[in-house]
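Positions annotated as DNA-binding region by Swiss-Prot: 194-278. Here Swiss-Prot flags 120-130, 158-178 as compositional bias 'Polar residues'. Annotated region 'Disordered' per Swiss-Prot: 112-178, in sequence order. Among the features that Swiss-Prot reports, zinc finger is placed at 478-500.
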Amino acid sequence: MSVRLSEGAIAAIMQGENVYKPVLQVINTRAIATGNGPPRYRVLMSDGVNTLSSFMLATQLNPLVEEERLSAHCICQVNRFIVNSLKDGRRVVILMDLDVLKTADMVGGTVGNPVPYNEGQGQQRSSAPTANAAPNKPQQQDGNLSVAGSAAPKYHAPSNQFSKASAPSSVKTPGGTQSKVVPIASLNPYQSKWTICARVTQKGQIRTWSNSRGEGKLFSIELVDESGEIRATAFNDQADKFFPLIELNKVYYFTKGNLKTANKQYTAVKNDYEITFNNETSVVPCDDAQHLPSVQFDFVSISDLENTPKDSIVDVIGICKSYEDVTKIVVKASNREVSKRNVHLMDTSGKLVTATLWGNEAEKFDGSRQPVIAIKGARVSDFGGRSLSVLSSSTVVVNPDSPEAFKLRGWFDSEGQLLECASISDVRGGSASGVNTNWKTLYEAKSERLGQGDKADYFSCVGTIVHLRKENCMYQACPSQDCNKKVIDQQNGLYRCEKCDREFPNFKYRMMLLVTIADSLDYQWVTCFQESAEFILGQSATFLGELKDKNEQAFEEVFQNANFNTYEFKIRVKLETYNDESRIKATALDVKPVNYREYSKRLIASIRRNAQLG
């Protein structure tokens, strides 16, 4: 494939002309230090006539350099770029999107004899047509460029096209000056004067803080336009000024503000930077911007959450398989009562996750018709497997108008509602109606190496008790309500608890029963603590402690009668190391009678799946 450079394109760009997908050659790339932020790359490029070092790579294109796809002498087509003016009048060209047409080894060196472009004087463009020579409606490029023996694509449509009608290209600021509107994607800390036209997709409440350095207030918003999204925060006087002015889902012109590297720990917004309002910031309503999108999502599959790090901020979409009633809890930090509701979401991966709604979101939620729920900015928790918490900065959309939602609804109505879904969340204290846990056979749990990662794993199984180890199955514990530490018999009628640093005239019995459970394929040693052990043995720890002292034979019979009973077990497995020896420790979190109706349904569903595989 023969490719020609867009001769004269650099001069046209720097003189403010519209250039359509110019073909340029990379002469050199250089990393620029940005402190704690992602690296920025400055690119020296050539159009065959001139070279220019004022090209900057947008951070989303960094992998092209880091993977050595964009290197010295390669030829690329610039699909989208933004020209920014600096305080000193110099121009910087931000490369937003490009395709590498020829790699460096295919080219072998510099094309032509280009000379540096001098921004202070116009350059001759001997072979470049003028902007007026461009067609009014340039053909869309499909990426399959075939230009052998023909002129390379030159100019001549706006470098920043939008398929829908766009907002005005400039706006008057409160000071009366005209300010050019730029896309969110072009914002960077090197700019001092800018205006964006964006929709407010999330607005938080005003929050206050107080510490040794003083006190203050703030609120944050999330903004979106056709090029991307960004988070903005107003502090103190700016918070008082802008909070009553800015409304959710409305469109505004935002002019001036400080741009800094975004703290990704607190936001899922896909932007390397965030805005802080300052004394020069202005916010002007825009009445003609119906083309702007609403909330932007970057959905993660529910099955992928199992491998997502704790505290990550993610976007998810799922069918509300079931939901729980609202409960009230008291937040320790503020001693304030808040509402809480768990909803259980599933997607086409067949996995189910528990998401917790808080406050007003929990109160007003209605999942009775199994709606599609999209959550932007949920935090991943590892409490009992994987679960999600909806934050004050999160956005919850019920039945969103999006292709993902339509696809999910169609899948659920046609087949998804009949599937047996496996939960990646372990909901303590029982589960909501219709919610199934992560059912496994003991063989599956071992073959899938559950518990051998950095985090504990959870699964449920149906197992039969085939052995109980009655030796050391109970111990004398501290009688305090919140302490289960083993006490030391002082041999004087008193029992000492090292944890509480007190002596007591009595103690309580606590159980730690080791049992072997088996199914048709494998077996597993499982540790059962107080409630689980008492359920299996059918007696309380207090009764068993007294029985052991008074009637050893009756004590033995309790264990014999507990053998060969079948239960549903909810099990936590984790690799633990003791005395330099590593082994899987399995702990029963819950033990209950088998629900044979549900168990039969699971077996039938499993048989059908295996039959289809065969």
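Placed from the backbone N, Cα and C atoms, the Cβ positions cover glycine too.
The predicted model assigns the zinc finger (478-500) a mean pLDDT of 87. Note: the DNA-binding region (194-278) comprises 7 helix, 47 strand, 31 coil (DSSP; helix = H, G, I, strand = E, B). Applying DSSP to the zinc finger (478-500) sorts its residues as follows: 0 helix, 6 strand, 17 coil.
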